[in-house]
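As annotated by TrEMBL, domain 'DYW' applies to 527-619. What TrEMBL records for 5-39, 106-140, 208-243, 279-309, 310-344 is repeat 'PPR'.
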Amino acid sequence: MPERDVPAWNAMLSGLCRNARAVDAVALFGRMVGEGVAGDAVTLSSVLPMCVLLGDRALALVMHVYAVKRGLSGELFVCNALIDVYGKLGMLVEARWVFGGMALRDLVTWNSIISAYEQGGKVAAAVELFHGMMKSGVSPDVLTLVSLASAVAQCGDERGAKSVHCYVRRRGWDVGDIIAGNAVVDMYAKLSKIDAAQMVFDNLPDRDVVSWNTLITGYMQNGLSNEAVRIYNDMQNHEGLKPIQGTFVSILPAYSNLGALQQGMRMHALSIKTGLNLDVYVSTCLIDLYAKCGKLVEAMLLFEHMPRRSTGPWNAIIAGLGVHGHGAKALNLFSQMQQEGIKPDNVTFVSLLAACSHAGLVDQGRSFFDLMQTVYGIVPIAKHYACMVDMLGRAGQLDEAFEFIQGMPIKPDSAVWGALLGACRIHGNVELGKLASQNLFELDPKNVGYYVLMSNMYAKIGKWDGVDAVRSLVRRQNLQKTPGWSSMEVKGSVSVFYSGTQTEPHPQHEEIQRELQDLLAKMKSAGYVPDYSFVLQDVEEDEKEQILNNHSERLAIAFGIINTPPRTPLHIYKNLRVCGDCHNATKYISKITERDIIVRDANRFHHFKDGHCSCGDFWTSKW
């Protein structure tokens, strides 16, 4: 064009922006300014969202200065765009400054500032802004309620959630607007009201793929992986909807938790077919899947062949190496991350500290805890403190762990005290364990796991009056002990085994029992002696042997031996920590059967081979 006016520049800028060509759009805007063409409100509203795509806070500030210089900072259209961009970049102070200086505010203004605070984690402030919006006489729309529903859920406000739901129903949005319906499903799921979420979902007149993804994620957030898989199967069987990025991100963690490797691999194949396998979020979930299913080589291959410009893939592989006990490799990978110029975040350091804990690298863990604060300016959160307490406690430094808790600048939460209690159980420090449990009973009185830990500690030393006292507390509060279970996938089907007497005996129950008795005889011949201290009932020795031999992981191992060819590796997934006697027994079984046995328990992976375990017995109880 021999001559270009502002509309021509705006048309070209808009085209680039609509196609997410952020770098080209910013460069063209620079040319426009360089040629002395004065942009208008349309120019700014087109270019500003590119700051978000580039993650460039400095550019957002430059665009704001440009708006002020051009006399456009008072334009409603421009102000709304600035609030939206600042909010998405996490610049809440700047967003609030623009909002506070506006003479006129419309619905878009209020939606932008409420969404900014909700996405920025300032959920209480987001709810206050909503009340301010109502007082100003501006009526909310569906987008307002989407942000409000999320904020109310994050506040844990069940009463507020019911108010939001009632408002949605009064406006008819629950049947007339799928976005509002999805938001209510998500709200109830985040409040752990999964039955209410399912009811709202069932009553939706229309469901899109986002509706299904929301419910799948809801079940996952509430620890119900089996139900998440069931919902996904329903989606595939009844709706014929094609999975999108959110579907993979929702369902892959469920397969990871269940150890359903073959089903997860089918999702991997589907991601390749749909072209989503290189999406950073999907790839990160795939790395997590393979790492948690004991396929660390495959996880590393995925990591090496994917774009690694964000922290997600690095965090996933570092965490995977950590739970497999490869602490030194995790630390080397962190060094590589630094060399490639990827700035670690707080999740990176949670993964690093956990890796140090799994490998007993106490000095390195201390160094990383200091590094995150002094070099990267990351303020430790409760998870970092819990990792430090766990690391010190597992290494037997219980006094230092307790002193560390006492010196915390924030109030210790249940994860911190739980880490200390777990360490006390390993090392037999009943008095310190009692102190930790008292704090836990106050902070998280409904978590039966803490009562079980304390009861087991008393049982170990034969203090049965202490056992009775803890168990009476459990009965008074009507709490139910989490049953121990182990699962194994054979030919695409997952079988689950529970410790003790099965409510519904497995179809191969008699074969499994014969295999267990045969293994026990061979183990005893090889030198195995049952450790009855891991039986926490006051019963005769022959009954104790039977109890140990029917722990869930042994049932799963026997099932695997029966149903797979000789020398085939066995992959077992357990919801609780492997007891010391089963850990010892599995070492014998791996040698007798000449099989690799990979067990993932609640803490880490144990790779058993030829009578040895990859953990070096570091994570087995010492008393």
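Note that Cβ sites are derived from N, Cα and C of the backbone, with glycine treated the same way.
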Q.
Should anything in the same chain at least six residues away from the repeat 'PPR' (5-39) have a Cβ under 8 Å from its Cβ atoms, list it; otherwise answer none.
A. 46-47, 49-50, 53-54, 59, 66, 70
**Q.** For the repeat 'PPR' (310-344), sequence-distant contacts whose Cβ falls under 8 Å of one of its Cβ atoms, 6 or more beyond its ends
**A.** 280-281, 283-285, 287-288, 290-292, 294, 296, 299-300, 303, 351-352, 354-361, 364, 372, 376, 378, 600, 603-605, 607, 614-616
Q) So what's near the repeat 'PPR' (208-243) in sequence-distant terms, Cβ-Cβ under 8 Å and 6+ beyond its ends? A) 178, 181-182, 185-186, 188-190, 192, 194, 197-198, 201, 250-251, 253-255, 257-258, 260, 263, 270, 274
Q | DSSP-derived helix, strand and coil totals, residue by residue, for the domain 'DYW' (527-619) | A | 38 helix, 16 strand, 39 coil
Q) Do you know the DSSP helix, strand and coil residue counts for the repeat 'PPR' (106-140)? A) 26 helix, 0 strand, 9 coil
